[in-house]
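Please read the structure below before turning to the comments.
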Amino acid sequence: MHKALILNGPNLNLLGTRQPEVYGSTTLEMVENLCVSHGSSIGIDVSCFQSNHEGALIDAIHAAKGDQDGIVLNAGAYTHTSIALMDAIASVELPMIEVHMSNIHAREDFRHVSYISKVAVGQICGFGARGYVMALDGLAAHLNCGSTA
Ligand code: DHK
């Protein structure tokens, strides 16, 4: 059985009440429960962590090396700013799928840039909570086949 970390960044603890017209009504707890149950159905043991702090997210990425087989990351606004998170992912050499609830490409220009994408296997955005399930499927394909093609 593979192991994957679902890692959520700043403000995602407010899912469910935060701008529901953008991020939907699904809470972070619901997202995490969905990931755990979907993971077990496809042979992935899922752990979840959320932090509003860049350093705590970097520490979680470092701790995943040797413990996890892959990461599903919604870095929130750090997506668009954090070279440190990008470097952390590159450093641990774990496959990472980037997720966003909203379609960042259909929003403000500053959300179109993702440092995270540069070190991601792929990006899923615009599908709300379902995006995390799609990311786990993508990670499973990558881990089982060495690619998502
Ligand atoms: C979440 C955030 O907090 C924003 O800063 C990103 C992302 C988009 C999301 O859609 O999940 O720009």
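In case you wondered, yes, glycine gets a Cβ from its N, Cα and C as well.
What TrEMBL says about this protein:
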type	residues	note
ACT_SITE	Tyr23	active site, proton acceptor
ACT_SITE	His100	active site, proton donor
BINDING	Asn74, His80, Asp87, Met101, Ser102, Arg111	substrate binding site
SITE	Arg18	site 'Transition state stabilizer'
Those binding-site residues listed as Asn74, Ser102, and which of them has the most Cβ atoms within 10 Å of its own Cβ: Asn74
C-alpha spacing of Arg18 (site 'Transition state stabilizer') relative to Asp87 (substrate binding site), in angstrom: 29
Set of same-chain residues at least 6 away whose C-beta sits under 8 angstroms from Tyr23 (active site, proton acceptor): Leu15, Met101, Ser102, Gly128
Proximal but sequence-remote residues of the same chain as His100 (active site, proton donor) (Cβ under 8 Å, at least 6 apart): Asn74, Thr79, Gln123, Ile124, Cys125, Gly126, Gly131
Cα-Cα distance maximum in Å, computed over every pair in Asn74, His80, Asp87, Met101, Ser102, Arg111 that the record assigns to substrate: 24
Cβ contacts of His80 (substrate binding site) (under 8 Å, same chain, 6 or more positions away): Phe110, Arg111, Val113, Ser114, Tyr115
Secondary-structure category, per DSSP, in which Asp87 (substrate binding site) falls: helix
